[in-house]
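Asker: Take this structure, written in structure tokens, and hold onto it; I'll ask about it next.
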Amino acid sequence: MAATTVSGNDDIMFNGTIGLFQVNSSDDMVVCYAPSMITTNGVWRGENPLDYAMPLFILQIILIILTTRILVVIIKPFRQPKVISEILGGVILGPSVLGRITKFGDMVFPLRSILALETMANVGLLYFLFLIGVEMDITVIKRSGRKAIFIALVGMAFPFVIAAAMSFLLYDNNTDVSRASYLLFMGVAVSVTAFPVLARILVDLKLLNSEIGKTAMSAAVINDMGAWILLAVAIALAENRSSPLPSIFMVISATVFVLFCIFVIRPGIAWIISQTPEGENYSDFHICIILTLVMICSFTTDAIGIHSVFGAFVFGLVIPNGPLGNALIDKLEDFISALLLPLFFAVNGVRTDVNKIANGQNAVYLLIMIVLASAAKVFGTVVIAVVHEMQVREGFALGLLMNTRGLVELIVLNVGRDQKVLDDQEFTILVLMTVVITAVITPAIIAIYKPARSFIPYKRRTIQRSKADAELRLLVCVHTPRNVPTIVNLLEASNPTMRSPICAYVLHLVELAGRASTMLIVHGSHKSTGTTTNRTQAQSDHIFNAFENFAQHAENVIVQPLTAISPYSTMHEDICCLAEDKRVAFIIIPFHKQQSVDGGMVATNPALHTVNQNLLANAPCSVGVLIDRGLGNPAKVAATHVSHQIAVLYFGGPDDREALAYAWRMAEQPGIHLTVLRFIPSKDAAPLPMDTNDDGILTVDTSNDREKQLDDEYINEFRMKIAGDESIEYIEKLLRNGEETVAAIRSMDPIHDLYIVGRGQGFVSPLTAGLTDWSECPELGAIGDVLASSDFAATVSVLVVQQYIGTGLQDGITTPNNADGIMKQTSFRMPFKGEDEAHETNWNS
């Protein structure tokens, strides 16, 4: 027989070798059970599976997961975080709802099963906190501005003061719990911000990459670190009520443990990383060592007297950023988050019993404290936001976000309940208020904060409209070092002069994995002085050194290196925000396919395809997608003499005019030979097909006539200014259909090393009709797709250009995340020089 002590006043019952009896007049109960009763011999032998530990545990997991998943579906339209459904699921299964049915409680959640359930729940909690530590980038504290630091500090201080004041009304003088310990637990419980829940709310609201989102994430990291420190102190005070010496020893031991993790364990993990060749997966042996260390660290802090989750969290923090963190998250996250973590929330629900709310006066005081603390956090955040020149509405939204509750608060409440600092009534009210406050945040943010995309008022969003005697600002996106040589040669060919220098913002795009918050890192001019800490940093150094080397040898070129670390799904937002912030006229981004050894085009990462589509749909300026097949001699990226043969394939429309404007700038540089081939429909060309609207009525796109007029004016201006320039050749070809167009392109002289073409948005030509029916990459347009295809017999790089035409989705491109909102642009026009910057757009959904 074995026994365990639990709390409760349930009636005495006996069932075979399982029994429950009251020890004394207190609430302590002893549950006796037979350790051998793990698995059943089967119902055919007359045994009830629920009398055995394993079948009962499996049934509990099934009920918990089914309940939480059903609640996820129910509350999904209200855009609630998953933690809400998990806590509510536990409350429903607990004594507050279904547990009121005595037969259900005794059969599904008997007291004898709580020990196994809580043990597994805490194992899941350990590994989840470890993953949170891995995801959390502690260096964000160094990078955080004063605004985020003050918001975090004020967001903790104001609620803490409210809790400290109200604790004098709530504190029971008859208890042996110290007032300081009670104050600390209450203060931490109402002042903490749930970092993981906040991150998921920001992602759902598409605010993660906004200024308010980045500030909230930075402040939440600082807040979380402060909460963990205060929790450790609170536990130390709670467990040693008689003498202060044990508390002091616990704090010193915890400090030694943290230092040991930083200066001993972290270098050991770095050694494991160094033993794994670049590009290879980490061995199962190394992963097993790390997972075992999680348990060792948890055991250590539990033995010290600090909660075991503290050790797992600190160990996660010291895991270096990079592929190792990615590998750990990939292996553990789904299993931990989907299966084990819901057990922790279910245990909280089982512990939450509304029947325990008996003292009405204390309950009212507690509710007042929670409301005042939340309001104080909002007020303090608004004050700091206004001081830092944010709008009051933004400060209010930021204050609401900082009130996000979740896992960390539940850990605080559970520790407080286990240490008997909090009674059942206080625990129940605080858990329920956690659900209410977190549930209110998302709808409140949606109601009061509607971030309209604020375009910075600058006019030079295209190369065509850029001044000839002004600086040309380019944003160059790079995924890998393989993209560097061709882009460097393209910049060199872009004719940087003293009259019109080039400022290139080089953005290394890195997928966010292993960390929870996006970041934009601005690099200063540097030389690599030693070994780098991870492969991402090594790649960034290699890329930026190449561009800085180019800038040092080239004239009239300024390079600013940056790194953007974000998920592929929101990477385009970082690019767009940076382009707008830097007032960029043209973005260059690599094509998602690269040339293989046999000359074909192979997709290296399908997610980059989505990044390009999103960027084309949302870019605040013109965009060029670079299909890289080499451009010039990579060994001479810093040469002062440039020699290129460039061809522009001109069919008409704003994109082709932008392509010609860029090529025209290039042609002004000595050593560049430009050929402009204008393809014109012949008189016997196939007529354009007529469209029908939803009512079946034929419609005619009259924008083509206007575009042809703009094309003729621009081409005439171009031909007048290049008259007598032997480096520029202009050719017109009369064709009838798309088949002749493809044949004409294939028959071009193979001397060219770069084609520049427009994407063809907003312009319909009989010469491209039918070419998009079998296109692999429709975002490149008809001609761009032909030139990018693997069967195009050429080794010529291609730049597919899209001109910025105004706010909103570009024609023919929808973001993959918003495929339902497809919009078709039927007419538009760009303003003439001298006109107002405003544009006219007619949208037909």
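Using N, Cα and C of the backbone, Cβ positions are placed for all residues, glycine too.
Since we're looking at a predicted model, the values are computed, not measured.
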Asker: Ranges 83-102, 543-562, 643-662: which does TrEMBL label transmembrane segment?
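Answerer: From TrEMBL, the annotated transmembrane segment range turns out to be 83-102.
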Asker: Is the transmembrane segment (52-71) close to the transmembrane segment (427-449), in the sense of at least 3 CB pairs under 8 angstroms with a sequence gap of 6 or more?
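Answerer: Result for the transmembrane segment (427-449) with the transmembrane segment (52-71) is no.
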Asker: Same chain only, please: residues at least 6 beyond the ends of the transmembrane segment (114-136) with a C-beta under 8 Å from a C-beta of the stretch. Say none if there are none.
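Answerer: Sequence-distant neighbours of the transmembrane segment (114-136): 4, 6, 31, 53, 57, 60, 195-196, 221, 224, 291, 294-295, 298, 308-309, 312-319, 325, 328-329, 332-333, 336-337, 339-341, 343-344, 346-347, 350, 407, 411, 514-516.
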Asker: Establish whether the number of Cβ pairs under 8 Å between the transmembrane segment (363-384) and the transmembrane segment (83-102) reaches at least three, counting only pairs separated by 6 or more residues.
Answerer: no
Asker: Are there residues at least six beyond either end of the transmembrane segment (83-102) with Cβ under 8 Å to its Cβ atoms? List them, or say none.
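Answerer: Answer is 63-64, 67-69, 71-72, 74-75, 108-109, 194, 197, 341-342, 345-355, 406-407, 410, 431-432, 434-435, 438-439.
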Asker: Using Cβ distances below 8 Å and needing 3 or more such pairs, separated by at least 6 in sequence, tell me whether the transmembrane segment (396-415) contacts the transmembrane segment (182-203).
Answerer: yes
Asker: Which of 52-71, 148-170, 182-203, 285-315 shares the most C-beta pairs under 8 angstroms with the transmembrane segment (335-351)?
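Answerer: It is 52-71, which has the most Cβ pairs under 8 Å.
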Asker: For the domain 'Cation/H(+) antiporter C-terminal' (645-806), would you mind checking the mean pLDDT of the predicted model?
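Answerer: The answer is 84, the mean pLDDT of the model over that range.
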